[in-house]
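Chemist: Found this in Swiss-Prot, in case it helps:
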- ARG38: L-glutamate binding site (BINDING)
- TRP101, THR143, ASP166, GLN189, ASN243, THR244: pyridoxal 5'-phosphate binding site (BINDING)
- LYS190: N6-(pyridoxal phosphate)lysine (MOD_RES)
Amino acid sequence: MKPTRVPKNPCFSSGPCAKHPGYSVEELKDTPFGRSHRSKPGKEKLAEAIKRTRDMLGLPDDYFVGIVPASDTGAFEMCLWSMLGCRGVDVLVWESFSKGWATDITKQLKLKDTRVFEAEYGKLPDLKKVDFKNDVVFVWNGTTSGVKVPNADWIPDDREGVTLCDATSAIFAMDIPYHKLDVITFSWQKVLGGEGAHGMLILSPRAVQRLESYTPAWPLPKIFRLTKGGKLNKDIFAGSTINTPSMLANEDWLATLKWAESVGGLKQLIRRTNENLAVFEAFVAKNNWIHFLAETKEIRSSTSVCFKVDLSDEKLKELIKTLEKEKVAYDIGSYRDAPSGLRIWCGATVEKEDLECLCEWIEWAYNLVK
């Protein structure tokens, strides 16, 4: 029978993700429109975004946090280009974004001493094979495969290389031991549902030491430069961005952080995300025609949750179009490079009740098109 209730918010995209519950553009009214980002009010707003981010995440005091251009991609690329090349590199690949980092390292930077450990969608490479005398590049959560690393136990505290982690669809949703990571990057538009185009970069003391002791053989464009006179440019991490940010997007980020504080902070964001995943775990358990793409529970993402459905590609497209036409779910098809299926965002800005409602619609649409 066709469901009668619909999700309050039909936005289940894996990026940009749903705005937080109760979101209103009224929350942006204190944006310093028309003011320079270098002005006192501009700098104060950017510094506030950095401080609230640091406090929310509970980062170590000696880690640096900065706002950088070009989303998570910009944040991660600037570290690949600024820090790699002085020792071997191990890259872990199990979905399209991690594959992109491997391509940049091998085809663009052309680093010869690179080992790529690759697994197919739904699986993880063998983490035991990683050599931490090398620099290690990986994503915490594979946004396009719904597969995450189970923990950070495989990363030694006494590593020689630096660990570079793209954590964009994991941070604010999963328990991440920061001391295991030297570079952490993410974007505003993922777990907290901010706006696009801005990245955030977190550096450990070991990452800073690398930046200050190593100069790459290749030229670096202005928006990749993190040092000045051989020292870390600390201004970047105090709100003096490399280039002009959107003060409107920054205000939106502040609004997301204030919402996150209002629901109880990081622990509650993680709890909300896990409860959202549990909705689908129950749904998959009672329906034999839908399956998680991730092969085991311990590597199953709680944010970008990916599914295989026992339908032909054409029928699956019909199911997705039907749900969009009914205005109950937008942007839930799998990523273009991934196996055909569904990808549904379960981060903290999505309400559990909306996912429960969506499950009813998916079941109805499946029976309609099969």
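Every residue gets a Cβ built from N, Cα and C, even glycine.
Looking at the shown structure, what environment does each listed feature sit in?
Modeler: Reduced to three states, the DSSP call for ARG38 (L-glutamate binding site) is coil.
The Cβ of THR244 (pyridoxal 5'-phosphate binding site) has 11 neighbouring Cβ atoms from other residues within 10 Å, across all protein chains displayed.
All chains included, 29 other C-beta atoms sit within 10 angstroms of the C-beta of LYS190 (N6-(pyridoxal phosphate)lysine).
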Chemist: For TRP101 (pyridoxal 5'-phosphate binding site), what is the secondary structure state per DSSP, taken as helix, strand or coil?
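Modeler: Where TRP101 (pyridoxal 5'-phosphate binding site) sits, the three-state DSSP reduction gives helix.
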Chemist: Going by Cα-Cα distance, pick out whichever of the binding-site residues TRP101, THR143, GLN189, ASN243 is nearest to ARG38 (L-glutamate binding site).
Modeler: ASN243
Chemist: Between the Cα atoms of TRP101 (pyridoxal 5'-phosphate binding site) and LYS190 (N6-(pyridoxal phosphate)lysine), what distance do you get, rounded to the nearest Å?
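Modeler: One finds 19 Å between the Cα atoms of these residues.
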Chemist: If you draw a 10 Å sphere around the Cβ of ASN243 (pyridoxal 5'-phosphate binding site), how many other Cβ atoms fall inside it, taking every protein chain shown into account?
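Modeler: The answer is 10 other Cβ atoms.
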Chemist: How many Å separate the Cα atoms of ASN243 (pyridoxal 5'-phosphate binding site) and LYS190 (N6-(pyridoxal phosphate)lysine)?
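Modeler: Approximately 22 Å lies between the Cα of ASN243 (pyridoxal 5'-phosphate binding site) and that of LYS190 (N6-(pyridoxal phosphate)lysine).
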Chemist: Give the number of CB atoms, excluding that of ASP166 (pyridoxal 5'-phosphate binding site) itself, located within 10 Å of its CB.
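Modeler: I count 29 other Cβ atoms within 10 Å of it.
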Chemist: Which residues of the same chain, at least 6 positions away in sequence, have a Cβ lying under 8 Å from the Cβ of GLN189 (pyridoxal 5'-phosphate binding site)?
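Modeler: GLY15, PRO16, CYS17, SER71, GLU195, GLY196 - these are the non-local Cβ neighbours of GLN189 (pyridoxal 5'-phosphate binding site), listed in sequence order.
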